[in-house]
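The transmembrane segment annotation in TrEMBL covers B:29-50, B:121-141, B:153-181, B:201-219, B:258-282, B:302-328. Residues or ranges marked as domain 'ABC transmembrane type-1' in TrEMBL: B:115-321.
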Amino acid sequence: MSGERADTLAPPGSGRDAGRALLEVRDLRVRFSRGGRRVHAVNGLSYRLNAGEILAIIGESGSGKSVSARTLMGLLPPSAQVSGSARFEGTELLGMPEREMRGWRGAEIAMVFQDPARSLNPTMRIGAQITEAIRAHSDMSRKQAAARAVELLKLVHLPAAERRFYEYPHQLSGGMRQRVVIAIALAGEPRLLIADEATTALDVTTQAQIMELLLELQQRLGMAIILISHDLGLAASYAKNVVVMYAGRAVEYASAEELFAHVRMPYTQALLGAIPLLEREPHALLPVIPGQPPDPAALPAGCPFRPRCAAATDACLEPPPFEEHEPGHWWACWHPAKDPAEDPARDPGEPGGAHARPVKDGVQG
Amino acid sequence: MTVALDRRYRSVPARLFGSPAFRMVGKRLLMAIPIMLGVSVLTFWVLNLIPGNAAQQLLGAEATPEQIRALEAQMGLNEPAVSRYFDWLGGAVTGDLGRSFVSGQDVAGQLGERLTVSAELTGLALIASVALAVPVALLAARRPDGLFDRVSMFVSVSGLSVASYVLALVLVLVFAVRFAVLPAIGYVPFAEDPVENLRGMVLPATAIAVPLFCFYTRFLRGDLVDQLQGQDYIVTAQAKGIGPWQVLLRHAFRNSSFGLITVVGLNLSTLIGSTVIIESIFAIPGLGQLMLQAINTRDVLVVQACVIVFAVVTVLANLITDLLYAVLDPRIRYGSG
């Protein structure tokens, strides 16, 4: 039903200046059946990622961003039903037999997870956990793999790498553990690294260090990175392109600069408004998006953001198509925000929009 | 620089003696002393409360009060309980557990003999149950709700709902009476005839092992599935591209083994209880049988010694459990933080 539409629709990112596509996701849908309830986690997600680029996928928890990433690696529970297409250099990843998929995991696509305290095996030495990843995709001897593991630990700037090789995860700090998780991800020299909220569990200083590390590795090793986050500010600082997800679908796609300069989708606008800014008055209420993200088991008809959107009208009962309205800028909205340049009522200095702003901030007045 | 790395792996004994675990052993053994004292006082007191004593039991119902009093005096049973207890305690600390009222044999010697028999029986049952439960649980956890999982679940639930003495009688009926392939009763010392000894152990050990096997299988399978479905480090391992068995064995099983060890350690003390029944059914001259006979004849010193041995085994089982944690779990071995 939705298949024929996806075929005629080139995914975002395949514009004029599109380079060699590393990953092309088209109309990805993931559904879970839980206790008789159907949970629609991803509802037709499309994007394209070029080799060596950083793409950010932004959304609230439950927006389907992590599920969509795990789908690429075939790491979903057996109850998941997946449709659509995800081609990695032309090879279809979805529906690939488990045995074949194993050859791609770690070797072509690797993943870094949210909580480094939980993503390492507490009973295994750091070294053993890295060499296991190395030896999964090479025929190195134990000794060679150990030497390579120490190299990797140095590559992620883990202090005293030789000593850490013999330590256990609980002997390391959170930031150091995340470096180890990144070293494991690099073990198979992947061309795509998925960082799934990789800095969320870390304190702010460590967050910045880990992001800098990812950026450095991306430039040194020429890897592409999918940066999954709820933090639009983070995405803007590091990603080339940004996909904003809501209720399992893409609602806006643009380059990071374009998105910040000309935000269109009211949801993105509201997200931008919710970023704390130093310029704001002290003790001013931080704008929040009213309401709750929709229950993925009972999505509203039409635009999923309609119940929370200040600009919503009856037109929004019809689902807005996700289309390229301006070159390189895609959105799904019947009432996109106007360009700040064309809209003198808005304060051009601040990225946030009227929809997310409580009256107290007084921008409307 | 990286070549010399391998030498830093320390051997297991080196880890043990240099670690907090070694200090823990000392502390635990010291703590065992008040436990032993408490257990012995309690046993002595309870046996004292039960009407009738060894003299009455030996002489039978026909005996005259004079005869009983005479024998009581000869056995020292006419002395107050407190002084008898301290007499016993004084001997016990020097390793002299007294002589049996009934057989006149040295209690310590008798105990040693019986203990080897019981240890063989429970040891065989424990090893067999764990050795079978681990592969079955791993196969079941490999595909939760798969055919093997369902079959093993059915078997283990059935096995758990059968009491071990019922199972023992069924085993005797099938293998000793109907097919006559294994002896129903009796015990041949291992040194005399190892083959006969093991043949005699098969049925009683099976009767003890089956419920244990079922319990361990269910427990380990459940824990493995929890690890596989709920733990992030499993996803990390899968994302490396390693095979499902490697994920199961190196990652999930290693973490699940702590739970299994706890359960086995706790089971060990209840295991002693089940040997009492099984040894009686199969006429195996073990500790359980000895204690049962001694209680019937009010052979206080023998009961006392048996109870102390059971207490020691329980303390040691808990100690070994904790030590195994220390060997397996680096968070305990090196202290947290």
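Glycine is treated like the rest: Cβ placed from N, Cα and C.
Automatic prediction, not curation, is the source of TrEMBL annotations.
With pairs at least 6 apart in sequence, the transmembrane segment (B:302-328) and the transmembrane segment (B:29-50) have 3 or more Cβ pairs within the 8 Å limit; the two touch. Sequence-distant contacts of the transmembrane segment (B:258-282), counting only residues of its own chain at least 6 positions beyond either end whose CB sits under 8 Å from a CB of the stretch, comprise 118, 121-122, 125-126, 130, 134, 164-165, 168-169, 172, 184-187, 200, 203-204, 207-208, 212, 215-216, 219-220, 223, 288-289, 291-292, 310, 313-314, 317-318, 320-321, 324-325, 328-329. Most Cβ pairs under 8 A with the transmembrane segment (B:121-141) among the ranges B:153-181, B:201-219, B:302-328 are made by B:201-219.
If one looks beyond the transmembrane segment (B:201-219) by at least 6 residues along the same chain, the residues whose Cβ comes under 8 Å of a Cβ in the stretch are 120-122, 124-126, 128-130, 132-134, 136-137, 140, 152-153, 155-160, 162-165, 167-168, 171-172, 175-176, 182-184, 259-260, 263-264, 267, 271, 274-275, 278-279, 281-282, 284.
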